[in-house]
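**Q** TrEMBL feature annotations, pasted as is:
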- GLY201, GLY202, PRO203, GLY204, THR205, GLY206, LYS207, THR208: ATP binding site (BINDING)
- 23-33: compositional bias 'Basic and acidic residues' (COMPBIAS)
- 180-629: domain 'UvrD-like helicase ATP-binding' (DOMAIN)
- 23-42: region 'Disordered' (REGION)
Amino acid sequence: MQNPVQSEQFHLTTFYAALDRERGQAETRRESEQVAGTRNAQALHQRDGRVRDLNARLARLNAAEEGLYFGRLDDSDGEVLHLGRIGLHDEDYEPLLVDWRAPAARPFYVATAVHNQGVVRRRHIQSRLRKVVDVQDEQLDLGRTAEGESRLGTGVMGEAVLLKALEARRTGSMESIVQTIQADQDRIIRSELPGVLVVQGGPGTGKTAIALHRAAYLLYTHRDQLEKRGILVVGPNPTFLKFIGQVLPSLGEDGVRLVTLAELYPGLTATRPESAEAGEVKGRAVMAEVIAQAVADRQWVPAKPLEVTVDRTVLRLDPTVAEEARARARERRLTHNQARPFFLTEIVDALVDQYAEIIGADPLGGENLLDEYDLAELRKEVIAEPAVQELLHRLWPNLSPRELLVDLYGDERRLAEAAPQLSELDREHLLRYGDDWSPADVPLLDEAAELLGDDGQEAARLKAERARAIAYAQGSLDVLSGSGSTDFDEDDESEVLTARDLLDAEALAERYEADDDRTLAERAAVDRRWTYGHVIVDEAQELSPMAWRAIARRCPLRSMTLVGDVAQTSAAGGGTSWQQALASSFGDRWRLAELTMNYRTPAEVMELAGHVLQLVDPTVKAPESVRSTGVKPWHVDVVPADQAAYVSKVAGEEVQHGQVGVITSRLRLELVQEAVGELADVTVLTVAGAKGLEFDSVLVVDPEGIMLESPRGLRDLYVALTRCTQRLGVIGELPEVLAESDAWDIRS
Ligand SMILES: Nc1ncnc2c1ncn2[C@@H]1O[C@H](COP(=O)(O)OP(=O)(O)OP(=O)(O)O)[C@@H](O)[C@H]1O
């Protein structure tokens, strides 16, 4: 009998042959599509679509190259199922390899010895560069046992393979976990598409990994629904997005846009730093009312009549006229900028009437001497008068969201009028000058954009887009007519009209617009009103109520996955309970799933972090580590003056264990960064920057400082202590909560 490695090598070779065949076929089809000559615009357009589909298929096939085949299920009837990163067929279209996301693959992740779902053996196949390197079996029929079966009885699936993955050195990028997804994680990944799913889990429970695999699962299962609108993934910072950026491409999926909150509003990246207090005020739900009031305040009615001079004639605008015009414009329930022309028309009408009465008055007391033509001329004159324009601008200006906020933040009086519900101190936090933006401004800009509507800039942008499409289409037509003059053959497709016969550039542009060559992420990025088929938010506990409003707006269907840990909240405006965080945008219309196993942090480190968690919230249980390393965390108290140099020395030593993360207080950041310099494999960050990341070895520097420099400092310390996969060292004076623990290996 063949040994398992040999027999699986046979299968693996068959699957790679199928992969190569499919790849070859797709490439050949793409080539023939590209060289096929046609002058018919519609046929061209359809061909472009086919080429795009083939490119997507090829990208998926290429992404499946490493670890193509990783699992096998044998059932009691002798049926065998092979599982892989992608589905493959043989030449007769018989299934060879089942995509891990297909319903048939599910027992691989959820079958247990107690509920074996008919599976008698689960096999894990590990390969490298098309060679099987290891095979692990789990016997799931209770009558039999086999080597490699879960020793701990923890219900951990594929324990040996899992532990190998967890113990492996980190590469600086998150990797796919398709081979070792655990049953409780699988339930979340395959949870139904509609509704808001909140995934609460402590550090290292796999929330990020699961969220990304869920995106891949949803795109596979609901491709028709999701392909056009895409999935939005919101993460805490650019480093984090870089860290997770390879997971979905490695699963062959690209219909996803990854952003931080700072990039959510088109046309700006909001990176201006600001105080935690200002950020907190801006995030409050009440700011929606403040913005609405700020907009309403820009629809001004003067307290007394205003005078304006047109060609030496003084005209008066009565407050009641402005008041009534404003009421009627508001009744239309349009946005501020959309309603503006209706308001202006009434004001101009009133001024023109007055003007006509004055200058058209019959000295003999008869009827007004002006005819319709004269009135139209007077109207033009009134509108052209700069003083009238200025008056109209004061009464109801055309506003962009940025202008509204610049004016609001920069004017104490405006702030007091728009935000009477805020305290004076809160308003002081908002007061500032300039047109640069912090992440907390993004939801406010978005809110303002909703209420103001298009200020003309968006229309200008769309016009530019359209001009681009027309220019492109014109180019295509020129190429077509050029080729038509040289190689047109009477016999060849003589009934097919050339593009120019059928279409002009404008009409062709319309088609190209519908068939945009930019990626989904690129198109969505420039369109504030883009709505996604599904939204995933990572580190969701950090979001303020205003941020939730901006996110919810991007998914009117409310199909969302929100993953986070309310014990790790750093942001002053973030949530410390899901009820409180989500109430204003989702009420109680969300479902909760919880994760309790920690796949990252070793038990020795978690014991220490657990003390901090006890203080953060005594009702929360720390997640249980799936493994221990036998290495206790260590501590050295080094006086602040010597800390940076000491850290640099130790970080240099720690790199022998892999990627090193140095997490320090904001106060010490620069000093430590300078001391560490450009050491390879060492990253120096604050807790905010380390959110969601992990390293083989972590040095936490100045724990007391981390704890004291923010109102949520204890939670920050908890985050910092839980970033390592192997080793933790703490440098500097210990806060009491850590000093009391006996989980330490004390260094001198
Ligand atoms: N089933 C699994 N198989 C292999 N590795 C896993 C599994 N689940 C989680 N991991 C690994 O555990 C580590 C932690 O996962 P992840 O970063 O997704 O956790 P998290 O819950 O988002 O953590 P945090 O809240 O601390 O940021 C990652 O390296 C991830 O790949």
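Start at 1 and count along the chain as shown; that gives each residue its number.
Every residue, even glycine, has its Cβ placed from backbone N, Cα and C.
Heads up, TrEMBL stuff is auto-annotated, nobody curated it.
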**Q** Looking at Cβ-Cβ distances, which residues of the chain lie under 8 angstroms from LYS207 (ATP binding site) while being 6 or more apart from it?
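**A** In sequence order, the residues whose Cβ lies under 8 Å from that of LYS207 (ATP binding site) (at least 6 apart) are VAL199, GLY201, ASP538, VAL563, GLY564, ASP565, LEU595.
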**Q** Can you break down the compositional bias 'Basic and acidic residues' (23-33) into helix, strand and coil residue counts using DSSP?
**A** 11 helix, 0 strand, 0 coil
**Q** Taking the Cβ of PRO203 (ATP binding site) as the centre, count every other Cβ atom within 10 Å, in any protein chain shown.
**A** 26
**Q** In the same chain, outside GLY201, GLY202, PRO203, GLY204, THR205, GLY206, LYS207, THR208, whose C-beta lies within 8 angstroms of the Cβ mean position for the ATP site?
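**A** Residues close to the ATP site, other than GLY201, GLY202, PRO203, GLY204, THR205, GLY206, LYS207, THR208: ASP565, LEU595, ASN598, TYR599, ARG600, PRO623.
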**Q** Relative to the Cβ position of GLY201 (ATP binding site), how many further Cβ atoms are located within 10 Å?
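**A** Other Cβ atoms found within 10 Å: 23.
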**Q** Can you tell me the three-state DSSP label for THR208 (ATP binding site)?
**A** helix
**Q** Look up GLY201 (ATP binding site) in the DSSP assignment and reduce it to helix, strand or coil.
**A** strand
**Q** Compile a sequence-ordered list of residues in the same chain as THR205 (ATP binding site), six or more apart from it, whose Cβ lies below 8 A from its Cβ; state 'none' when nothing qualifies.
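**A** Sequence-distant Cβ neighbours: ASP565, LEU595, THR596, MET597, ASN598, TYR599, PRO623.
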**Q** So if I draw a 10 Å sphere around the Cβ of THR208 (ATP binding site), how many other Cβ atoms end up inside it?
**A** 25
